[in-house]
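J.: Questions regarding the structure given below will be posed in turn.
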Amino acid sequence: MPQALLPAHQSQDRRAMRGVRAAAFRPDIQGLRAVAVLAVVADHVIGRPPSGFVGVDVFFVVSGYLITGLLLREYERTGTVSFTGFYVRRIKRIVPVAVTVLFVTVCASYVLIQGRIRDVVVDAAAAGVFLSNWQFARIGTDYFQLDKPPSPLQHYWSLAVEEQFYMVWPWLLLGLLLLGVRFLRWRREHVRLVAGVAVGLITVVSFAWALQETSAVAKVAYFSTFSRAWELGLGGLVAVMAPRLRFVSRPVRAVLAWSGLGGIVAAVLLVPEGAGFPAPWALLPVAATALVIAAGEGGPIAVPVLTNRVSVYVGEISYSLYLWHWPVAVLLVSLLPRGSALYMAVALGGTVALSAASYRWLEQPTRRAGWFRWARRADGVRIRPSGLALGWYRPVGLAVAVVLVAVVADAGARAVQPAEHEVAPVVSVGRTAAEPGDCFGAAALDPAHECAGVNAGSAVTPLPRAALPDTGEAFACFMAASEALRTCDLGSEAPDAYRVALVGDSHAAQLVPALEPHLERLNWRVTTFVGWGCRWFLPGPEVRNCRDALPAIQDRVTSGEFDLILTTSRRGTTTVAADHAEVMREAVAEGIGVVVVADNPEANRDAVECVGRVWFDVADGCGTRQANAFDTPDPVAEAGRSVDGVGLVDLTRYYCVDGYCPSVVGNVVVYRDAGGHVTATWARTLGPYLLAAVQRALTPGSEEVPAALPEPGTATSALPAPLMR
């Protein structure tokens, strides 16, 4: 090539690239990538192995090793680091496929999960600027307890962690090296010593931070760059030590390689979810990966599991596999039952096909493209190589093709979807225009009514895609985990109003839509004491959620201000009945009425996803076996049974019939998510039965089966005390 047409600064770029190419191809590293991505994909699609999520930790170590090694080799050859070259390579490696997957996922989400499209767009914006991890930490996403459907873009969090690390690490490393060489008169052979000290400090500090944050707020620690940097740092330490590792004998390196591989397998099978992750449990896969990488520094070691052609190819397309698999797995649930053989076959096949296409027509061409490079003619005029002008069509073409397929699939799905699958027109609580009025929502399971079945026809309300946001005003005054006391007053403002304190977590908050339509009519004034983890008890020092608010709640509800304390909470094992019995006894001793509402049955994930499928029909019979819906203890209800003077309300008969808890009852979608949260529409149909049951609990010896409260407009004087004031 004539000198006049060489790109500007190409001599420096060539020196840098010689440093980059100095690292020989490592098939074992591609094999590590294959193991990592296969573990993650299998975990998310098949549900096995149980700890496949540690594949992400393997990726972190590999990335830290490769990037640190690249920077060190370039500095050793040139005395500097070309940030332009470094970030251009990152952009060409990361951005085309990442943006394509974002675009396709947003379009597919609009087609398949329309009710959640706003959340998906927000997640896509965060992913586009590599801030996904903080987005999911901010909204309180708990990776191991996903009640709400997961975002199809949640997996971008790990990409964000890596890119944030790379925004800081090259500058920090070069700054330290230049400072030492120019002002402290370090020799160039001290480069790796300086880098080792820097990486070591980052690794130790980050690991210490991870231990503390995992113990304090595990769901934030999982996504936090500060709690994950040590994993990239350990990979960087292997890169720093690479020249010395080459002198380790082959037999020793073989032992290291096989030991490391065994450690990764053990981590995939044994590392527990939740508690202790990412620190200290991530140390097992991270250290094991570092051993495998270190073992390969002195030359190839025969580890066929990692170095065979299939593993190497899977490693080559692992980036695309990782990006495509999660949206495919999440969105496919809208079409097929999760866990079915067809679901797994389509998810795996679709992921592999999309990934192979992305690798062939996106990753490879863009890596070779002459993007962001300028050339000079002999007359000094700068010209742009044709690679940038022609390279755009590949990602755009692939994205358009995938979107067209999704649109066609959606059209086909809607063609076979029942035409009457619309919102049932609600006239009043317990009435619909299409039905006599006695079989809508909870009334369908009222023994006093003669309903033809659990559901009549195929119309449902709310539409499944609108079920998740159907909260009414349930969470308008909901306290965050660390928030101080915050309350809201609902209902009558009359001086003689019957004062009720509603206490509990989100399952108490969801009673608001059930109560609110009747409060003025009953002359009730309800004050809400609801928040994240605000189960009614006095917390010990180990409790974090609602810790600041709970003592204030107890002082307020037992102050004599209230006539009745109404409480419920989600089933769980974080508390025991004795914890709740203590505060109940105190309230009863003060002469305050206490009624516990036993927690509603919890639908499993399949029962909720079943309703959300594109071609859902009421006749599908979506639901949960009653035994499974109650397999978690309800300590608040147990406490209510054990304390004299406390009333207990159990509304199970309106949720379950013949050992089965349908997801749709009386043509009303019951559940918003897999956390047992119900739709506001369902709660409103349950309201009359809830209030009648509260009356029964406050009046021992009344009839076992309550009648629904009168419809709006009926004379309220017909209601028995103490519901009336």
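Backbone N, Cα and C atoms are what each Cβ position is placed from, and that goes for glycine too.
Annotation comment: TrEMBL describes 28-359 as domain 'Acyltransferase 3'. If you look up TrEMBL, you'll see 484-690 marked as domain 'SGNH'. Taken from TrEMBL, the feature region 'Disordered' covers 703-725. For 53-72, 93-113, 166-184, 191-210, 222-242, 254-271, 283-307, 319-336, 342-362, 383-409, the entry in TrEMBL reads transmembrane segment.
Help me picture these features in the structure, burial and contacts included.
T.: When pLDDT is averaged over the domain 'SGNH' (484-690), the result is 94.
Remote same-chain residues near the transmembrane segment (53-72) are listed as 19-20, 23, 29, 32-33, 35-40, 43, 81, 86, 143, 158, 161-162, 165-166, 169-170, 173-174, 191-192, 195, 199, 228, 231-236, 238-240, 242, 264, 267-268, 271, 273, 278, 282, 284-286, 289-290, 293, 322 (criterion: CB distance under 8 Å, separation of at least six residues from the stretch ends).
Here the transmembrane segment (166-184) has long-range neighbours at 67-68, 71, 75, 80-81, 83, 86, 90, 190-191, 194-195, 198, 232, 236, meaning same-chain residues at least 6 beyond its ends whose C-beta is under 8 angstroms from one of its own.
With a cut-off of 8 Å between Cβ atoms, the residues of this chain six or more beyond the transmembrane segment (191-210) that come close are 68, 72, 75-76, 172-173, 176-177, 180, 221, 224, 226-230, 233-234, 236-237, 240-241, 243, 278-279, 282-283.
The list of residues near the transmembrane segment (222-242) in space but at least 6 beyond its ends in sequence, with Cβ under 8 angstroms from a Cβ of it, reads 57, 60-69, 72, 133-134, 136-137, 141, 143, 157, 160-162, 164-165, 169, 192, 195-196, 199-200, 202-207, 209-210, 213-214, 277-279, 282, 286-287, 289-290, 293-294, 297.
If you look at the transmembrane segment (254-271), the same-chain residues 6 or more away from its ends with a CB under 8 A from one of its CBs are 28, 32, 35, 39, 49-52, 54-55, 57-58, 248, 277, 281-282, 284-285, 287-296, 301-303, 305-306.
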J.: Quick test of the contact rule: Cβ under 8 Å, at least six residues beyond the ends. What residues does that give for the transmembrane segment (283-307)?
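T.: Sequence-distant neighbours of the transmembrane segment (283-307): 26-32, 34-35, 54, 57-58, 60-62, 65, 207, 230-231, 234-235, 237-238, 241-242, 245-248, 250, 253-254, 256-264, 266-268, 271.
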